[in-house]
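Written out below as structure tokens is the structure these notes cover.
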Amino acid sequence: MTYHAHAISRDNAHFTPPVNRSMLVLDRDFFTVRVPLTALQILDPREFKAVRSLEQDLLQLHGVGNIVKRRREDGDGGTDFLILLRPGLGPGQMEGVSEKMKEYLEQHPDYPLVPYTLELGYKHWKPEEILSAVLPEDLLDEVPTGFSLTGHIAHMNLRSQYLPYKYLIGQVILDKNPSVRTVVNKLDTIDTVFRTFEMEVIAGEKNYMVEHRESDCTFRFDFSKVYWNSRLQGEHLRLISIFKPGEAICDVMAGVGPFALPAGKNGLMVLANDLNGDSFASMQENIKINKVSNNVFPYNLDGREFIKISVSELRRLAHLRKMLRVPVKDAASGPEGSGGEQGPSNKKAKKAENSVRRSDMQTSPDGGKEKGKKSKGRQGPKVREVPVPTTYAHYVMNLPHAAIEFLDAFRGLHKDDDVATTPMPMVHVYCFHKSDDPEDPKPEDSVVHPALRQRVADALGFEIPIEELSFHYVRLVAPSKTMHCISFRLPREVAFARD
């Protein structure tokens, strides 16, 4: 998820912080300003209702109230109220005031206009306002306040021209976002195998162990040792919504499990693999945390090797496991596998599931059994058991810089199976594409790019007809670099190849 830090917004040029372009160490006290205003003094709080109709003449500053309660200066212990007017209004300066305000002042001659000084401090300014007041003028075109939030870590990608001010920038981001405890900046060094990157802490505590929520699952991992990109949450949800409960999924480059764990929680059989030992260890822990050990099975192998053993592994597990527990959704959530998000984020489905006691047992229409365990008072979701599938519905290959190169492992994957009866899985392979050619198809048009199609054909040793390829634009990675997901059904000519 991508965030842009913010504090308050204002509608008037009178409210800007002071400027100090030589500041390298944050001085919060420097940003205190005092703004002279005029206030309407009233004694009776019952007038507030009438005062609300004067809104266009009152101070409108998000985060700052325009009604001030204060003790009267006459010493009798009473209180009065000051209604703060917008800047530019005051005794002898009522040009542009509304007719309603004129009428109100005429009707209440005993309510005087008095001077008032509004004090604004560091907490009132947006991060972009703070940074615009301290960065050099030639760096103000793109003030860096955007970041990706993973657990408690704000991850920034600062351009080289902002690096001399990185600690100042990091501290402002830390101050303005209560959920952030650590701010890191990505360095240039990228691991060519695991795609992890070096980072440095520019504000806050040096703590890379995060707990992150996504797709109704909890993920724990060391952010400095595994690959995680919160900007891909929407893409994770898109693909997960395609999977149907009761299917089998093979996640070839699973990372810490952003596809695998939600799929397992939704009642799919998932074999998930990652070569990175740290990702594998985190995935094992996350399987336990999310209680999906009956559905998700982790592996620590090279992706090509894993694809080659994936079919035999699924059949081995199907022989051992026999049955798969699949959650039963109510009618309000749509048919199983209809594409809606499964789990507690669907409130209607959760409410219906929790209304069924664990002790309930009845036969489902397809012959599976709906089961539940006895519980003292607490109610749980309704589930049914179905046979573990022996063939995959989907393969997921989420390693954009190299996944296409692994497609050759599918050649002969089913060479020992029956050609007529073995169903072919969908393959979802992620990839990057670099191009400065203005004649190239636009990414948002979801047109299969000829170069990407050729890369797939070269790896498979087979050219898939253009109409059988689905080309999904994921995101812009850099000005001339895009990320895509190419989906296709595995051709039988590839799956049963004997070369």
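Placed from the backbone N, Cα and C atoms, the Cβ positions cover glycine too.
Noted in TrEMBL for the protein shown:
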- 147-492: domain 'SAM-dependent methyltransferase TRM5/TYW2-type' (DOMAIN)
- His236, Asp274, Leu275, Asp302, Gly303, Asn398: S-adenosyl-L-methionine binding site (BINDING)
- 329-386: region 'Disordered' (REGION)
- 351-360: compositional bias 'Basic and acidic residues' (COMPBIAS)
- 371-381: compositional bias 'Basic residues' (COMPBIAS)
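Gly303 (S-adenosyl-L-methionine binding site) is surrounded by 20 other CB atoms, counting those within 10 A of its CB over all protein chains shown. Annotation: Asp274 carries the greatest number of neighbouring Cβ atoms among the binding-site residues Asp274, Asp302 [cut-off 10 Å, Cβ to Cβ]. Over all protein chains present, the Cβ of Leu275 (S-adenosyl-L-methionine binding site) has 18 other Cβ atoms lying within 10 Å. In sequence order, Glu214, Ser215, Pro258, Phe259, Pro262 are the residues near His236 (S-adenosyl-L-methionine binding site), counting only same-chain partners six or more apart with C-beta under 8 A. The number of other CB atoms found within 10 A of the CB of Asn398 (S-adenosyl-L-methionine binding site), across every protein chain shown, is 22. Across the residues the record lists as binding S-adenosyl-L-methionine (His236, Asp274, Leu275, Asp302, Gly303, Asn398), the two Cα atoms farthest apart are 22 Å from each other.
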